[in-house]
Amino acid sequence: MAFSFGFEDDEADDAKTSPAGPSVLKAGKVQAHQAPVKEHTLEELIAKLPDHLSYSTVRIESPTGRVLFLPKRDLYDVRVQLLQEGPTNDDVIDQIGTSDLRSGVYEGGFKTWECSLDLASLLLDRGPRKDIDELIRCDQIIELGAGTALPSLVLFQHALLNSIPLTFTLADFNDTVLRLVTLPNLILTWAATTKQPGFTTPKLDKNSTGDFDLTPEVIQHFLTDLKSNDIILRFLSGPWSPSLANLIPSSGVDMGTVILAAETIYSPESTEAFTELICGLLKRVKMSKAMIAAKRMYFGVGGSVDGLKAACRERGAVAYEIENHGVPGMEGGHVRRYATEPPKSGSNNTILYGLLGAGALGGGYYYLNSSNSTTAQHGAKNESGALGMPASKNEEKNIPAKAVAVTGVAPVKAFTGGDQGFISLLLESVENVSHNTKKFRFKLNDEDSTSGLPVASALLTKFKGPDMEKPVIRPYTPVSDEDEKGYLDFVVKVYPNGPMSEHLHAMKAGERLDFKGPIPKYPWTANKHDHIALIAGGTGITPMYQVARAIFKNPEDKTKVTLVFGNVSEEDILLKKEWEDLEREFPQRFRAFYVLDNPPEGWTQGKGFITKDLLKTTLPGPKDGNIKLFVCGPPGLYKAIAGPKKSPGEQGELSGILSELGYTQEQVYKF
């Protein structure tokens with residue numbers, strides 16, 4: 001069996017992570033990959049494109065309920081391209097997926113950040129919202145810290161659909177981001193939008209994923225469409241500096257210029273450099289205005305909206321607040337709009353428009369601003385308020401303003417351990433999951449009871465055939481929720497000469513099996529770690545699912561989870577629907593990557609054996625803060641990844657690839 005897999009959560013958005021990278025030039029600070037400001041031609045970037053792009057979709061919902069699906073290149077695909085291009089890209093690969101802010105190291109341009117989604121959603125309302133229509137009435141768009149360029153993609157698609165002449169200038173610190181993410185996303189959006197006859201475009205909905213071939217004919221179609229619609233694409237790389245501003249034309253536009261930016265004020269240093277650049281542009285570029293999306297406060301890093309306002313005032317500019325992402329039930333249940341510093345009549349001051357807030361689509365967040373609370377220290381989000389709105393009494397004390405009513409008596413736990421002994425349970429139903437896997441539902445003897453199993457733990461199963469001298473006893477981890485009443489679910493793969501799995505697969509509804517437990521494994525508590533990685537093979541996935549499910553059903557648990565799951569074939573991927581559901585519901589905190597020993601034709605994820613280089617680009621690093629790696633699978637996986645367990649109750653020494661990569665015994669747990 002081969003276990004080769006992807007990489008860390010590329011969509012993670014954490015207040016401890018720098019969105020915009022080291023675009024700041026400050027004395028005493030040394031930036032990684034420092035390069036002069038440079039303009040890149042479209043032809044130059046096209047020449048570096050791969051033969052195909054793997055994509056998924058991003059759902060954007062506007063405050064008025066408009067919904068748009070945009071294609072976005074998968075970062076797994078980016079990493080594959082970088083690995084294929086050779087070791088010269090090692091430093092760039094290291095930038096993708098880091099979960100904490102490392103001084104002087106660029107790490108943000110490959111990700112999709114919350115505020116870029118917020119800004120894109122606001123731009124989607126250009127029709128119903130006349131104020132937004134007025135703001136974006138222009139013939140030039142500049143996006144600073146472009147990265148995935150979601151805000152520009154919304155306007156790019158609008159321009160294509162309506163044949164609107166526009167010039168897009170997309171600037172990012174790193175030219176690698178421009179060629180690997182920014183331009184590919186523009187091409188994918190064009191492909192999903194073009195009206196050219198005879199051209200097959202990818203269909204997009206909430207579940208769309210796939211590959212898009214970049215043939216010479218496709219590229220020619222793309223260039224032809226740009227020319228026929230009078231759309232110009234310009235690309236700039238380098239730090240925020242006067243040199244960057246000088247590459248942007250100060251005239252030659254009739255309707256004006258709109259500057260877009262998101263997540264650019266994450267630290268005091270970035271705020272100063274960004275404000276200097278953008279205020280300089282607003283004064284220099286004819287008929288220009290800016291729209292900025294930012295969080296109220298970036299905990300642990302120091303940036304804030306107040307810092308932006310102060311930096312603007314120092315330069316004679318006014319930050320005019322146009323939007324706060326609210327939460328239904330607060331302030332009348334609508335999105336609130338107001339001006340914090342309206343410009344004075346007749347003033348010559350530059351006006352800086354800002355989308356000040358952050359939040360997942362469909363709702364806003366209230367960022368607690370007391371560093372004394374655990375929630376605030378983790379930069380956590382609480383859906384109980386909206387930015388700029390009065391806090392409730394609970395919020396003032398950093399207590400989530402969400403009450404949980406508890407009524408009745410706590411359900412009886414079916415398994416209490418100790419001297420309880422084995423319990424016989426009735427097999428209620430059997431469901432085929434794949435060619436060699438079934439799902440078994442066992443009925444608890446009290447329909448109002450729950451399993452009561454702590455996370456993470458397992459149960460022992462036992463049976464003794466008529467011709468057997470000793471019973472067969474094996475541990476299994478339920479996949480049903482610990483709080484479900486009346487039943488237990490198990491997903492079991494049959495193994496040749498596996499006495500318990502063969503017995504289970506031969507069982508029929510109405511028969512019984514003995515269970516005992518719980519068998520405690522790793523005691524999980526909410527926010528015990530900032531980021532965990534689950535490395536599993538085959539049926540080793542079940543304890544991983546138990547941990548992940550407990551995390552994501554708890555609204556107070558903000559742990560990020562990366563799953564790496566190795567199997568022989570695609571049919572062997574257990575609980576794939578459940579993992580996909582988690583990815584759709586928690587795209588900022590959960591990503592799953594699959595590796596197959598025998599992949600089907602067209603398979604775009606991992607293939608082959610584990611290598612040290614692959615793991616180095618997959619996992620959170622050993623120095624990336626409060627992390628934990630969990631390993632579970634067949635003996636070969638244990639040996640290669642983390643070393644064998646000494647016994648069921650003893651972890652054994654850490655060895656294998658994880659040890660070679662510098663992880664410690666305390667950072668790894670073997671189920």
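Numbering starts at 1 and runs along the chain as displayed.
Note: Cβ is positioned from N, Cα and C throughout, glycine not excepted.
Keep in mind the model is a prediction, meaning the values are calculated, not measured.
Cross-referencing Thr416, Thr542, Thr559 against the FAD binding annotation in TrEMBL, which names Arg474, Pro475, Tyr476, Val491, Lys493, Met500, Ser501, picks out Thr542.
Among the residue ranges 1-21, 22-42, 127-147, 442-462, the one that TrEMBL annotates as region 'Disordered' is 1-21. Secondary structure by DSSP for the domain 'FAD-binding FR-type' (420-525): 8 helix, 49 strand, 49 coil. Under a cutoff of 8 A between CB atoms, and with a sequence separation of 6+ in the same chain, the neighbours of Thr542 (FAD binding site) are Tyr476, Thr477, Pro478, Val479, Phe490, Val491, Leu574, Leu575. When the binding-site residues Val491, Met500 are compared by the number of other C-beta atoms lying within 10 angstroms of their own C-beta, Met500 comes out lowest. For Ser501 (FAD binding site), the same-chain residues that are 6 or more apart in sequence and have a Cβ closer than 8 Å to its Cβ are Arg474, Val492, Lys493, Val494, Tyr495.
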